[in-house]
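Engineer: Right, I'll just put the structure down here and ask away after.
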């Protein structure tokens, strides 16, 4: 029977070839980003579509780091993204827990309203948001971005956290409460450690969303001091030319925090922590 | 340790009342089993005892102290859940000592009771392991260990054996019985398995539709069921129910056999083990064997009785019958149960 079930080698090879083709396709833009960042300015057009640059240089990185405002944009982005991720995750975790564990009057309406906020294209509401932010004098401040990003990420993050809380058996909290915990203690000592993968995923999702957001940052920020990195990238585009090498080098550098952040949270993303809690 | 008292206890969800006027007294050290079909309210009642469900009406006391408004942590009870509810991020030892840890007892003080409970349950070597590395039976033991370390006034068990295989279930049942004998702690145990109920309980509470149907020791329930529901729920295989016809001369079975008995009886109940299988000519009921189940110690004979319908007889040992054979059945008179039209028990006929 085992012999009959063995997959033909050609099929196995085909499967791996398909996966390899997909990975190459998905990663090619990243490779191209790195390739152009390492190509000297003078060769960018002469090298054309050659897969490997004829000469390598770190000049673009040097210029971006030491002779542009990129590091300031970068700091702004880190501040905005980390603050947004922390605030959103905190609020979404509390809301997600409430949705998962309690029944209360108006729960369905709150859920429906939160879903509703996700249905509008951002372009539709950018004007009122601009008016609101201007009215309270927060234009050109990182705070405005943190508030707006947090508000827009909370609904999705809440549903994400709720699904994680739903996956944790109620019995665990009840056992803890019988063992002597208050509900808050049960939440802190038993439930929260089991929600770390969920918190990690939510943090990662919100951080990435805030890190790469352009539309609101473009509308709400004008001054060079408060620019985030996606807006800052546009400064490499001048009236008559685009500084491709430096733009790509800045892009590569922008990937670093995202990668570091995911490296940091990836151990919390590992699922299966709750296995063994309940039967089977 | 302490006894419990429930007076006119009620539970409603919105306008829907699921438990109606529960009156029950559980003595100090008693092992009481709540049994009934799914949705009968037995688990809800247990959760009300634990403090996990608010009490809608009535009064509940443990050791004479009113508990209605007391949160679970202050009721001094321990509960073993059907799902075990072990904390997956804590080792076996920490799981078992958690109730002491949360009360800020120092680690040195916790070690003694945890080690003692682990020894009792054969968990000594597993204290460092995490729940996911344990088998179902071991997890069940850890859950029990956690309850023992708590040293509570009462143990609550919510269908603790339902997730185990048949052999392990028997083993753990025995373990629970031994534990109760040793500790003598008041225990309330919920199950839908009547074998567990019969083997473990000092007293059984049979529930249906949110109402207590009967409270009694296992043999009382078996010998003198208060109504048709209890009669059919307790005992395996299920009791046979035969419709009775009343006429001017008294009562008779569907096949014409006359019986002495109170006139209002509408149905006769007879357990399969109280139907004697005899030769066709000697029986008061003639029947045809449909299916023979040979269990080794007993044989179940499913029959179609003339003028009556399906009847099941249980014979000790083996019996020389084949599907299609004709046979006679006799009712053991002193084992007959009579019920009125509403299903209530009537006095016996002899």
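Backbone N, Cα and C atoms are what each Cβ position is placed from, and that goes for glycine too.
Feature list, courtesy of TrEMBL:
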- A:12-34: transmembrane segment (TRANSMEM)
- A:74-265: domain 'ABC transmembrane type-1' (DOMAIN)
- A:78-99: transmembrane segment (TRANSMEM)
- A:111-130: transmembrane segment (TRANSMEM)
- A:142-165: transmembrane segment (TRANSMEM)
- A:186-208: transmembrane segment (TRANSMEM)
- A:249-270: transmembrane segment (TRANSMEM)
Engineer: What parts of the chain pack near the transmembrane segment (A:249-270), using Cβ distances under 8 Å and only residues at least 6 beyond its ends?
Structural biologist: 30, 33-34, 37, 60-61, 63-65, 68, 70, 74, 77-78, 81, 196-197, 199-201, 203-204, 207-208, 211, 229, 232-233, 236
Engineer: Please figure out which one of A:12-34, A:111-130, A:186-208 racks up the most CB pairs under 8 Å against the transmembrane segment (A:142-165).
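Structural biologist: Most Cβ pairs under 8 Å with the transmembrane segment (A:142-165) come from A:186-208.
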Engineer: Three or more CB pairs closer than 8 Å, sequence separation of 6 or more: does that hold for the transmembrane segment (A:186-208) against the transmembrane segment (A:12-34)?
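Structural biologist: Judged by the Cβ rule, the two regions do not touch, with the required three close pairs absent.
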